[in-house]
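Some features that TrEMBL has for this protein:
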- 26-137: domain 'Ig-like' (DOMAIN)
- 142-233: domain 'Ig-like' (DOMAIN)
- 240-322: domain 'Ig-like' (DOMAIN)
- 365-440: region 'Disordered' (REGION)
- 1-25: signal peptide (SIGNAL)
- 340-361: transmembrane segment (TRANSMEM)
Amino acid sequence: MSAVTMINCCLILGACLLSSQAVWSQRVRVEPEVTAYPNGSVNLRCEFTDSGSTKLTQVSWMFERVEGDRHNIAVFHPQYGASFPNKDFDGRVSFTKGSLENPSIRIDKLRMADAGRYICEYATYPSGNEQGTTTLIMLAKPRNTAIAIPVRASSSEVVVASCEAAQGKPEATISWITNIAGRYNHTSVPERDGTVTVKSEYRMIPTPAENGKEITCVVNQRTQVEPRPFPLKLVVEYPPTVTIEGYDNNWYMGRTDAVLTCQADANPAPTDVSWTVASGQLPPSVQVDQNRLLVRKVDETVNTTFVCEVKNSLGSGKKELVAMVIDQPLPAQASNAGPVVGGVIAAIIILCLIGAGVAMYRKQRQSVENGEGPPKHKPPPPMKSGSSTEMDLDDDNNGPPANGGTPAVWDSSGHPPEKDDTTGETLPPYKPADQNDVEANFTNVAREESFVSKSMLV
């Protein structure tokens with residue numbers, strides 16, 4: 001037999017042994033994984049199924065914290081009963097059924113160090129030992145904290161907020177939500193009991209503008225139903241920044257009750273506000289009420305420089321204002337209401353015109369579509385005013401012509417001129433095609449001249 005044939009035979013035999021072992025191990029039914037919390041309890045289930053002719057002699061539970069390092073923690077024999085040889089589990093482990101067919105155990109007062117693999121192993125005849133393994137995962141809810149760290153405004157990067165998820169298992173993750181420019185870092189510290197403490201710090205350059213801005217720490221961990229947010233407000237401390245409000249450049253002689261207000265932006269809050277003048281003592285017409293300075297009556301004494309100084313625990317800030325007293329009050333500024341109202345009225349008129357134009361266009365278009373447009377025939381031309389052919393054909397006037405002209409001229413048909421039934425105006429005489437020249441000559445005859453026609457061929 002060749003060496004290759006022997007190797008193939010060994011491989012086939014090994015596969016058969018593994019397959020038979022897999023079939024046997026399937027008869028020991030356990031849960032592949034369970035989870036528990038410190039100081040709690042857990043049930044580790046185990047049973048032997050379809051024993052048939054296999055004889056069960058003994059069952060043992062072994063604990064394997066590190067792979068290959070097994071320790072018996074519970075043994076059950078049908079004749080000798082239960083035994084718990086491991087002192088680490090003494091008083092904390094017990095059999096729930098107390099039988100070979102169902103040797104499940106219960107572990108109380110769990111510790112983080114109890115995490116590991118638990119093997120339920122049967123001693124059988126004639127097949128030998130059969131086992132099943134359950135992995136116990138110990139979970140620990142982290143203790144979450146988040147704080148905003150008070151800092152002084154500066155040009156250097158410092159830690160302004162801190163977030164921590166202490167003694168959690170598995171390890172927690174921390175993230176930050178904010179619109180503030182900065183960066184953060186994470187540190188993980190394993191604890192002796194198997195838990196992990198995660199800490200994250202947010203760093204930035206603190207300025208007074210960032211004081212009170214919102215930043216949120218978010219902790220995510222397996223034991224939590226959802227991520228836990230911790231909203232914070234940054235605390236940036238700085239000395240006062242002072243402004244003076246209320247001066248309108250219209251302090252005229254005799255004016256009463258002019259007021260100046262000293263405003264300060266500071267953190268911590270201001271502890272002291274004081275008013276002074278550059279020339280020395282305050283004028284007698286001035287009264288101070290905390291951050292307000294009231295001028296009872298404007299006179300030459302208030303034509304000076306007022307100084308407001310504000311202090312807090314970090315320092316002080318001041319602001320100066322030069323007041324100038326004038327003889328007469330400034331003219332009132334023209335109101336801006338007139339142009340605004342005029343603009344509104346103009347807009348309304350424009351809109352009305354646009355609306356009217358649209359309505360007329362639609363009406364005209366509708367008339368054209370309904371055949372009601374202007375007449376398509378050309379009306380007759382009007383008679384020329386002042387010509388010799390202009391006649392007074394008013395039937396109601398029986399006297400001589402008003403214009404002193406000749407009597408009414410009949411056309412060549414021998415009929416008198418016709419009148420329009422509607423307007424009463426004399427219609428132009430009938431114009432045959434061959435009399436155009438004659439008509440043209442008639443129009444050139446002046447008033448009071450004899451009316452003589454040219455020779456005509458008969």
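Placed from the backbone N, Cα and C atoms, the Cβ positions cover glycine too.
Counting residue by residue with DSSP, the domain 'Ig-like' (240-322) contains 3 helix, 53 strand, 27 coil. Each residue in the domain 'Ig-like' (26-137) gets a DSSP state, and the totals come to 6 helix, 63 strand, 43 coil. Computed over the domain 'Ig-like' (240-322), the whole-number mean pLDDT of the model equals 94. Secondary structure of the domain 'Ig-like' (142-233) per DSSP, as helix, strand and coil residue counts: 3 helix, 55 strand, 34 coil.
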